[in-house]
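Heads up: the structure comes next, in structure tokens.
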Amino acid sequence: MSLLCCCDDLGQSRLLGAPRCLRGPGAGGQKLLPKSRPCDPPGPTPSAPGAPSSPAAAAPAPRLPAANHSGSARLGTKRLPQALIVGVKKGGTRAVLEFIRVHPDVRALGTEPHFFDRNYGRGLDWYRSLMPRTLESQITLEKTPSYFVTQEAPRRIFNMSRDTKLIVVVRNPVTRAISDYTQTLSKKPDIPTFEGLSFRNRTLGQVDVSWNAIRIGMYVLHLESWLRYFPLAQIHFVSGERLITDPAGEMGRVQDFLGIKRFITDKHFYFNKTKGFPCLRKTESSLLPRCLGKSKGRTHVQIDPEVIDQLREFYRPYNIKFYETVGQDFRWE
């Protein structure tokens, strides 16, 4: 008596009798189970990382790589990120993301998922489903700059993994605030002036810390929330200014922090005089050089120098405390 074994879409065999699989056309020239795949050879195989365990007694067969829309194989597994670019807005986070994506050992999500601030209720399975597929040797990374100023984000990230590596891109807080305002103004031309939003009473020098563009730049206050959950050694600070003047040097330190070889070097960059920002040179996989979008390197709104001086004085004690905490002098004074 002969028994049959057929394979489901994951390549796992289901015993219908003796271990013999359907192959090719059946009797009468008709194909049996045309969507079936050949059964995998017997033997124990470890489950894919992060995949739910099968209730079946037999060990699952190896998982076949799914095909993407272009027809090429998608290798790897969707994993929760091991590293996050958590901030700060208008500091240079998009540049760091685009630069680090050149590295073959890094796969990064191109969009901002806002999981740990806006979408936490969707759950980790939803978050994982957004991630690119990675090999065991690759790092999964995403960036959402608003995490840095979200009070719940450090605890939520810690609960995902206490080993998560965190990257924070910081910039002179006055310049950052002006850049933030310039971006908002391009979308909402009728907003009040930068000076009007920055001060509750300019004559008395009372800065309005409730305005988000001002509050984000008080870096040391936000950092305190992160240090309750993560040691300083797990947080790497990128200088937004040095990212422009020495992108290879800054990215070299990012690669060291992530524990990957220094693949991204001077040969990957050229300075675009029009944008006033470094761009990526064309590579074997890209026919054209890659610069950041038109919203990056945008000309800032002109601000009264006295307003800038007042804000510099306001930020000075916060900056000094930040330097002391992280052990770096960013020279914003």
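Even glycines carry a Cβ here, placed using N, Cα and C.
According to TrEMBL, the cysteine that forms a disulfide bond with Cys279, out of Cys39, Cys291, is Cys291. Most other Cβ atoms within 10 A: among the disulfide-bonded residues Cys279, Cys291, that distinction falls to Cys279. Separating the Cα atoms of Lys90 (active site, for sulfotransferase activity) and Cys291 (disulfide bond) is a whole-number distance of 16 Å.
Along the domain 'Sulfotransferase' (81-316), the predicted structure has mean pLDDT 93.
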